[in-house]
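Database features (TrEMBL):
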ACT_SITE  LYS202  active site, proton donor
BINDING   LEU8, GLY9, LEU10, GLY11, THR12, VAL13, GLY14, SER15  NADP(+) binding site
BINDING   LYS102  NADPH binding site
BINDING   GLU187  L-homoserine binding site
DOMAIN    366-437  domain 'ACT'
Amino acid sequence: MAFKIGLLGLGTVGSGTVKILQDPAQRHPLLQELEIYKVGVRSLDKPRPVEIPDEKLTTDLESIVTDPEVDIVVEVIGGLEPARSLILKAIQHGKHVVTANKAAIARFGAEIYTAAEAAGVYVLLEAAVGGGIPVIEPLKQSLCANRIHSVTGIVNGTTNYILTRMKNEGGDFGDILADAQRLGYAEADPTADVDGLDAADKLAILASLAFGGRIKLEEVYCEGIRNVGAADIAYAERLGFVIKLLAIARREPQLSPDEPEQLQVRVHPTLVPKQHPLASVNDVYNAILIEGDPIGQVMFFGPGAGSGPTASAVVSDVLNIAAILKVERGNATKPDGQPLLDPLLACSHQHYCTIAPADETVTRFYARFLTNDSPGVIGSLGTCFGNHNVSLESVVQTDVRGDMAEIVVVTHDVREGNFRQALDEIRTYETVNEIASTFRVL
Ligand code: HSE
């Protein structure tokens, strides 16, 4: 019995998916039981990197998700609409869904998974985070015996490419972004990548799986890389760090068992110690470091995007569903007659995680100040930080910009609210011309 796939989208990921499905030799034998039944495209006339018989192509995507013959819908059109509506309609028609759509899942995951649970179908999304890197299934299955403490990832290839080049070449963000766009490493509209929004979508998904609750996307703190200057990269280097856009989700220490457990979920440029495993993840590569009890640290590394890698993740999800359908577990029912889903593969949590207010977050900070080059300035900064309970790990003054002194401080772990209050006070000092940048330190 062949499992019939309705593929929505024949772009980069869709074409990669077709290439794997059309060439099953030396791959898992179950691939031979998958049939590309229909392919939904925007235009029938476009030249394509893969050959699909004309009778399988259609521009009527809704006809695919409602077709009684289709077992599994693969949604790789991306974007919010019509992807969301097509996924929901597929679920209503009893189809299992495989999607690479992090933006739709991060925003409409609650609606989509509630519908999927009610319909007794799977919605799998390995390709939505980290491209070809297996991280979703490990979080759901291989690591499920662990209490996860933190997930820390480089989950956006475009920004990692830009930051790697800024470090290697000493260039400015704007120049390297323009070159990355020319070379096809950054989109014409780079907003989702460089402003951290793509990473925030992925983090919401990872955190939800790691901590077993839903995450409201608007509660994910998000800061992109536009403010990372060549000077910051150079100071970071001198201080023993590299700057990476990190997506971090971690449990806050629970002060009492009566308090609700809180999470930090944040995306921001971060000074990462050079010896940290994420510091050497360069160019367009992604990596996700998971810390749990009892496993300790485990890191997943690989290509975070691209046709083949992302299709590898898509097809593995399709095979997971086909395997379940093949042994007919998909037809099992609960005592009340509701369909029974594999609890390790389905996503059934319904409560929302509580996210800690940003001010309460405890982390180290880096700050770069442009000040008068006069006696007592460093002392006044140190006194102000001390008054706000911000302990300094290092203070350096090596460069002069114009007639301004450039002073860089790195703090010990501090409450973010205290650090911000100190900065508000420092901003009022006549000797301080500018707080040029502030970043968190891992
Ligand atoms: N825009 C994404 C990135 C592609 O740069 O990583 C994969 O989601």
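From the backbone N, Cα and C atoms, a Cβ is placed for every residue, glycine too.
Mapped onto this structure are the features recorded in TrEMBL.
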residue	record	DSSP class
LEU8	NADP(+) binding site	strand
VAL13	NADP(+) binding site	helix
LYS102	NADPH binding site	helix
GLU187	L-homoserine binding site	coil
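Confidence in the domain 'ACT' (366-437), given as mean pLDDT, stands at 94. Taking a C-beta cut-off of under 8 Å and a sequence gap of six or more, LYS102 (NADPH binding site) has these contacts in its own chain: LEU125, ALA128, VAL129, ASP198, ASP201, LYS202, ILE205. With respect to their backbone Cα atoms, THR12 (NADP(+) binding site) and GLU187 (L-homoserine binding site) stand 14 Å from each other. With every protein chain in view, the residue among the binding-site residues GLY9, GLY11, GLY14 whose Cβ has the most Cβ partners within 10 Å turns out to be GLY14. Mapped onto DSSP helix, strand and coil, the domain 'ACT' (366-437) counts 23 helix, 33 strand, 16 coil. Taking the Cβ of LEU10 (NADP(+) binding site) as reference, residues of its chain lying under 8 Å away and at least six apart in sequence are, in sequence order, VAL18, VAL39, VAL41, ARG48, VAL50, ILE52. Each of the recorded positions LEU8, VAL13, SER15, GLU187, LYS202 was scored by the other Cβ atoms within 10 Å of its Cβ; the lowest score goes to GLU187.
In sequence order, LEU7, GLY16, THR17, VAL76, ILE77 are the residues of the same chain, not among LEU8, GLY9, LEU10, GLY11, THR12, VAL13, GLY14, SER15, whose CB sits within 8 A of the CB centroid for the NADP(+) site. Here the CA atom of GLU187 (L-homoserine binding site) lies 22 Å from the CA atom of LEU8 (NADP(+) binding site).
A separation of roughly 15 Å, to the nearest angstrom, links the Cα atoms of GLU187 (L-homoserine binding site) and GLY11 (NADP(+) binding site).
DSSP assigns LYS202 (active site, proton donor) to a helix.
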